[in-house]
Structure formats: structure tokens, C-alpha cells
């Protein structure tokens, strides 16, 4: 959705000038970039994120004129350009890892090798989408910029500019900041906890030569050490994009929930609907819907890749546990459980937070339906119908590249899909009492 086609009231952010478009937020505004800063800084460090320079960004938004920047901004621009190079380099390295393994296993494709390939494709494709999202800063900048719109001011912090330093406003700001910090800590815990397991299976575990398969065609220690460095970034790419998407969904769902509570407080059930309250709520809801739409435009491909790769990997790991249920090697079973839980968490976290966003975005519907509207008041009736039609329209939330929105029903569908195909593998696969199966755990370890 282009800004030029938006209603006129959407084009009035606070101090809407070219210079102020790139300034920091006011003290009473809790920008999403502030909440997500711990996660985005971690992703920058891991080569999964970068920022364009403020001048480049402003040039893309509404064809604004370049901003007059201070000499100190030259260092900032250089750092941003280095971050772009670093991000692109990590992306190319991940694709190199994918192509290397594809060439090696092409003549002897098996179920095990296909799961390896699924892992490599997931990490490379996800980072490519993130690079394109960061590089096309026009949409990304609009996503951040609309949080500065005065129409959604109280849906960032429940206080105005005069109350910015009050205990309630400060407490709410700290709560959002803690959410961002906890999200970053969760991502780092997975990466730092999983990497030693990957190193052990490559260098310490001597039970099977197949665990060096991830280093083919170079199986010596030096080559494997270099590839393990690549696998560290791949592990980060496996978890941090999911964490970032969950954080976006959480913040947006909180804003929708705050809007619903504010509306219920100003228009209690059993009272006559107020035209000015309905109109203000409709506009604020539309802005939040626009934020969600921008987010879906940018990250729906990441959602699709996450589901398309984590679900097959989860099925294969469940099948691996079934085949090795009688195995005496407890470490292999424990590792299979660990990586299975990791893939399951990716699916569950993304599904739950996306469905929560969808639920909160439509949470106004029941209250709006039960309002009393004076039929003789044409303005109130008109605004009420507009709000009802929006709440009863297409689902609001993140989608899989536009095919379907992630809702509660999708979670049940995914669960049925996993159980169905796991049952098919058990029925059509080899008998565990007569056939030994190569452990599929190494699919996702590297």
C-alpha cells in the first residue's frame, strides 16, 4: 500500500517535515525501533540485519529531499555501508554452503540428505529475504515512521507528552524494553547452547563417519573448522528471525488490545455510541492495520520459509526418534529431542504470536456489534458501519506470502499435517526391528 493512496489523516505524523522524518521519537512515544533494538543489534552482529543511512532512507520516502546531515553523520554512513557489506557477505556464504552440499549429494539423494538440504536452504533463503527487506528501506522506513503518527500516540504509551516522566509512563516504557531484552536473550541462549552440540558432532563424536558429512567434500579438520564458523551464523539465522517476528506481533497485538480497552472505557456497553469516539477509534485501528500490512508485506516470505522448512524437519526428527527408540545411545536420542523441540518451538512461537495478533486486531468486533446506535444520527451510523465492515472484513495479521493469514485454525491444521505425515512415514517406512536407520539428528545440528 503506497502512502500516496492513504487517507489524508494518515499523512500527518508529528512534525511531518523532511528533517523531522529522520529524528528520534519524542519522550512520550515508545517507538517499535526502541523495543526491538536489542534484537536488531544482535542480528546486525550476526550478519542478519543492516540499516540504510538516514539520507538514503529519507530520499525514498515520499521523494523527500536529502536531509542536511552533520559531519559526524559521515561515520554513521560508513558504518551502515559496512553493515550492508557484512550482511551481503554472510548471505553469500550461506548460499555457498547450500550449493556445496547440493552438488555433493545430488548423485545420491536420500531422505537424510534431503533433510540436510532443507536446513541449508532455510538459513540461506531466510537471510536473503532479510537482506532484501533491509535494503529496500522505503517500506521498512514507513513501518517505523507510522509509529510517530499522533493518531496512534496513546497506543504506544498510555500517557501524553506532559506525562512522559510520570511513574506510570516510565514503568510502561521499561516493560516494553524488557520484552525486547528477553527476546534477544532467548535467541542468544539457543545459538550459544546449540553451537557446542554442533562442534561435538563434528569433532568429538567418533561413532559414525556420517557426522562428518556436513563437511563434505572437505572432511579434514581445518575445512570443517571453517564450515563450523558458517554454521554458527546458520544457527543464528534459524532462530533470530523467528524471535524478531514474534516481537513484532507482540507489540502490534498490545497496541490493538490497548485500543480495544480504551474504546470499551469510553463507550461502555449499553450506552449510546458516540460519533467522535467511533471515528477516532476507526482511524487509529486503520493505522494499526496499515502497520500490520507493511509488516506482512516485508516479512510474509520469512513466515512462509519458516513453515515450509521447520515442519518437514520436525516430521523427520519425530521419525528419527521413532526409529531409534530402541537404541542404546542415549545421547543421540537426547540430541534428536533437543532439535525436535527447537523446530517445534519455531513453529509454535510463530503460530501463537501471529494468531494472537489476528485475535487482538478483531477484538473490537464484539463490542462494536453490541453498541446502541441512534438510527436518526446519520454521521454516527455511517462511521459505525465503516468500523463494522472493517472488523468483519478480511483477516488482519501476518500471512504466508498472501495465501492465508495465520490464525488459530492454522495451528490446528499444522498439527494435523505433522501427525498425518509422521504416521505415513511410520506405516511406509522400514521396520525398526530389522532395519537400522541413519540418525537424522545431524540434519539440523550444523
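Even glycines carry a Cβ here, placed using N, Cα and C.
If you look up TrEMBL, you'll see 1-21 marked as region 'Disordered'. Summarising the annotation, TrEMBL assigns transmembrane segment to 84-107, 113-135, 181-205, 225-252, 297-318, 338-357, 396-422.
Counting residues 6+ beyond its ends, the transmembrane segment (113-135) has Cβ neighbours under 8 Å at 43, 47-52, 84, 87-88, 90-91, 94-95, 97-98, 101-102, 105, 213-214, 233-234, 237-238, 241, 298-299, 301-302, 305-306, 309-310, 312-313, 316, 440, 442-444, 446 in the same chain. Counting residues 6+ beyond its ends, the transmembrane segment (297-318) has Cβ neighbours under 8 Å at 1, 111, 115, 118-119, 121-122, 125-126, 129-130, 133, 139-140, 143, 241-242, 245, 248, 336, 339-340, 343-344, 346-347, 350, 354, 398-403, 406, 414, 417-418, 421-422, 425, 440-441, 443-444 in the same chain. Only residues 6 or more beyond the boundaries of the transmembrane segment (396-422), in the same chain, are considered here, and those with a CB under 8 A from a CB of the stretch are 245, 249, 289, 292, 295-296, 299-301, 303-304, 307, 311, 314-315, 318-319, 322, 347, 350-352, 354-355, 357-359, 361-362. Same-chain residues lying 6 or more positions outside the transmembrane segment (181-205) and placing a CB less than 8 Å from one of its CB atoms are 36, 38-39, 41-42, 46, 211-212, 214-215, 221, 224, 228, 231-232, 235-236, 238-240, 243-244, 246-247, 335, 338, 342, 441-442, 445-446. Outside the transmembrane segment (84-107), and at least 6 residues removed from its termini, the chain residues within Cβ reach (under 8 Å) are 44, 46-50, 52, 113, 116-117, 120-121, 123-124, 127-128, 130-131, 134-135, 214, 216-217, 227, 230-231, 233-234, 237.
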